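Chemist: Encoded as structure tokens, here's the structure I'll be asking about.
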């Protein structure tokens, strides 16, 4: 699905409706827009970055967009096909908190080893700070990516092993609403 400008088959629409929080009608509408913007049925990383630039014109979203792109690109072929796009969009826009946090964990776990290290988190947080630019006024204790990451690790890394498991990440994010709010910074595409 996605190679070339093919129409979605009704069986594919049905499957996507079962796999996502979108109705068949919504999937058809999203598909129409996807094919309009990506006539070959593939969204490249450069195209993805361009979309983020529209949402964050005051900052530099290119690094963050690249990180998000890698999570959307499930089969790691260097392009986002419609089914990958709609599944990720479903989780980030309509998923429950656990689903969103699991998705966010995959975003932060850059090497996909099942843990978030301080450096991985710093890469993501730094890219978020670059993306939002000066549009968001941050409190003194979080006005640099390093301070933010230190605060998150102090709160989440319960066993002090300098890495976060999925469980530590979920528990910490649920305990601190500001972290869940910060996670929503990357939902510009779906809001």
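Sequential numbering from 1, following the chain as shown.
Cβ coordinates come from backbone N, Cα and C, glycine included.
Pulled these features from Swiss-Prot for this protein:
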type    : residues                : note
LIPID   : 2                       : N-myristoyl glycine
DOMAIN  : 24-59                   : domain 'EF-hand 1'
DOMAIN  : 60-95                   : domain 'EF-hand 2'
BINDING : 73, 75, 77, 79, 84      : Ca(2+) 1 binding site
DOMAIN  : 96-131                  : domain 'EF-hand 3'
DOMAIN  : 144-179                 : domain 'EF-hand 4'
BINDING : 157, 159, 161, 163, 168 : Ca(2+) 3 binding site
Chemist: If you average the pLDDT over the domain 'EF-hand 2' (60-95), what number do you get?
Modeler: 95
Chemist: Determine which recorded stretch among 24-59, 60-95, 96-131 has the most C-beta pairs below 8 angstroms with the domain 'EF-hand 4' (144-179).
Modeler: 96-131
Chemist: Using residue 79 (Ca(2+) 1 binding site) as the reference point, find which of the binding-site residues 157, 161, 168 has the shortest Cα-to-Cα distance to it.
Modeler: 168
Chemist: As a quick check of your reading of DSSP, tell me how many residues in the domain 'EF-hand 1' (24-59) are helical, how many are strand and how many are coil.
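Modeler: Taking each residue of the domain 'EF-hand 1' (24-59) in turn, the totals are 25 helix, 3 strand, 8 coil.
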Chemist: Please report the number of other Cβ atoms within 10 Å of the Cβ of residue 157 (Ca(2+) 3 binding site).
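Modeler: There are 18 of them.
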Chemist: Cβ under 8 Å, sequence separation of at least 6 from the ends of the domain 'EF-hand 3' (96-131): give me the contacting residues as numbers and ranges.
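Modeler: Distant Cβ neighbours of the domain 'EF-hand 3' (96-131) are 52, 56, 59-61, 63-65, 67-68, 71, 88, 144-146, 148-149, 152-153, 162-166, 169-170, 173-174, 180, 182-183, 185-186.
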Chemist: Between residue 84 (Ca(2+) 1 binding site) and residue 159 (Ca(2+) 3 binding site), what C-alpha distance do you get in Å?
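Modeler: Roughly 35 Å, rounded to the nearest whole number.
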Chemist: Residue 75 (Ca(2+) 1 binding site): which of the binding-site residues 157, 159, 163 is the nearest Cα neighbour?
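Modeler: Of all the candidates listed, 163 is nearest in space.
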Chemist: What's the number of neighbouring CB atoms sitting within 10 A of the CB on residue 163 (Ca(2+) 3 binding site)?
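Modeler: Residue 163 (Ca(2+) 3 binding site) is surrounded by 19 other Cβ atoms within 10 Å.
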Chemist: When a 10 Å sphere is centred on the Cβ of residue 73 (Ca(2+) 1 binding site), how many other Cβ atoms does it contain?
Modeler: 20
